[in-house]
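> The GTP binding site annotation in Swiss-Prot covers 22-28, 50-52, R323, 349-351, 431-433 and is backed by sequence analysis. The annotation active site, proton acceptor is assigned in Swiss-Prot to D23. Among the features that Swiss-Prot reports, Mg(2+) binding site is placed at D23, G50. Taken from Swiss-Prot, the feature active site, proton donor covers H51, and the record attributes it to sequence analysis. The substrate binding site annotation in Swiss-Prot covers S317, V318, T319, G320, R321, P322, R323, and the record cites sequence analysis as its basis.
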Amino acid sequence: MSASAVNVNPGRNVVVVGTQWGDEGKGKIVDWLTDHAQGVVRFQGGHNAGHTLIIGGKKTILRLIPSGIMRPGVACYIGNGVVLSPEALFKEIEELESAGIDVQKRLFISEATTLILPYHVAIDQAREARSGAGKIGTTGRGIGPAYEDKVARRGLRVQDLFEPKAFAERLRANLDFHNFVLTQYLGAPAVDYQQTLDMMLSYADRLKPMVTDVSRRLYDENHVGNNLLFEGAQGTLLDIDHGTYPFVTSSNCVAGAATAGAGIGPQKLDYILGITKAYCTRVGSGPFPSELYDADNANRQEEVGLTLAKVGKEFGSVTGRPRRTGWLDAAALRRAIQINGVSGLCITKLDVLDGLDEVKLCVGYTIDGKDADILPRGAYEVSRCEPVYETFGGWKESTVGIKEWNKLPANAQAYLTRVQEVAGVPIDMVSTGPDRDETILLRHPFKV
């Protein structure tokens, strides 16, 4: 084999994952890191999660399109592990292009990506309405039912749109099944076949220029030395397998999902960046050991938790739902680090803790009288966790916009140092505000 046949300088690949229940601030960090990446890849989830970016004081919320779209010249990929609503996609494209951002020439969609259809949305919403107090807290956007169809081999893919006759036949069979569930079990209206067929086929010509073999394209990009950034959605504790089941999302949110959801070999993942807030939040139902505040629970309304919610502007970027807040749970973080193989951490929203008299860190639990130093598996055991806290002095100085570690208040440094000790991996980045430039860099993920 000639030396020229072997690429001695392959591109590096970094995976960004949330280590909590989502909403960790991944979008800002992905955007920040794209100055060293030629491509950004979404590999799971759908338009149920919003990534909020603030660049030059202007706020942008992305739901499907990777955060790299805000950087000129960066290619963006939607992998086969995503479930795609064409309606939501084109709405997002139109919003971005109306702001002068070039999208369609830089966006590439896997032909194997599963489609979200109107009956998925109808089932999602009808189920949630029927569940009453037992609801999971779904966004009602059809994500779960689309993944169900994928696993049941009923799913329709992007590539199926280009075979209209076969698409029509499979759609009819799917609607026979789903309309029976909607009308006979959920007591909801049926979804119209012809209207659905016409709508979905109308997207085919618009989608086709963006559809490609994403897996092959990523391989080729690496081979010529280009760096890729893999952008996770939601968070580890919402993972369908590793989260607080059944209060989870419908996809794998962990770093390993990048391999299956984008079609890249696991040995190609060079660095895993775990994103965690300096405190914790959760949206919807499910156990939350270090919880301080829940607007819907009169027994969980501590003043400091409300302060975190107000200062941190803790409302879902897509749903607008208020988030539950609590102290940073390092025992849960330890679980996420182990599952993801985290190389280093990025702590976000440190500035939200400014002005507190004291800051607490959950370092473990007691469960039925026994000590535990890591989050257990499944919702029922997690719901029995009583947090064990360490308390730190707060700081009155503002950390907003600080870009150097040694300029942080001493108590903030002490708190973060302890988080690093308990987590067992280095803190490589700290976010001190919502803007792209309000960031402390200790080690660059693409240069480690």
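From the backbone N, Cα and C atoms, a Cβ is placed for every residue, glycine too.
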> Cα distance, L350 (GTP binding site) to R323 (substrate binding site), nearest Å?
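Rounded to the nearest whole number, the Cα-Cα distance is 17 Å.
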> State the count of C-beta atoms found within 10 angstroms of the C-beta of G50 (Mg(2+) binding site), not counting that atom itself.
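20, counting other Cβ atoms within 10 Å of G50 (Mg(2+) binding site).
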> So if I draw a 10 Å sphere around the Cβ of G22 (GTP binding site), how many other Cβ atoms end up inside it?
26
> Just to verify a number: CA distance, G50 (Mg(2+) binding site) to D23 (active site, proton acceptor), in angstrom, no decimals.
8
> Where R321 (substrate binding site) and D23 (active site, proton acceptor) are concerned, what is their Cα separation in Å, rounded?
12
> Going by Cα-Cα distance, pick out whichever of the recorded positions D23, G25, K28, L350, T432 is nearest to P322 (substrate binding site).
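Out of the listed candidates, the nearest Cα belongs to D23.
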> Using a 10 Å radius around each Cβ and counting other Cβ atoms from all shown chains, which of the recorded positions D23, G25, R321 yields the largest count?
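Sorting the candidates by Cβ neighbours within 10 Å, the top entry is D23.
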> Output the one of K28, R323 that, of all these binding-site residues, has the highest number of other Cβ atoms within 10 Å of its Cβ.
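Result for the most crowded candidate: K28.
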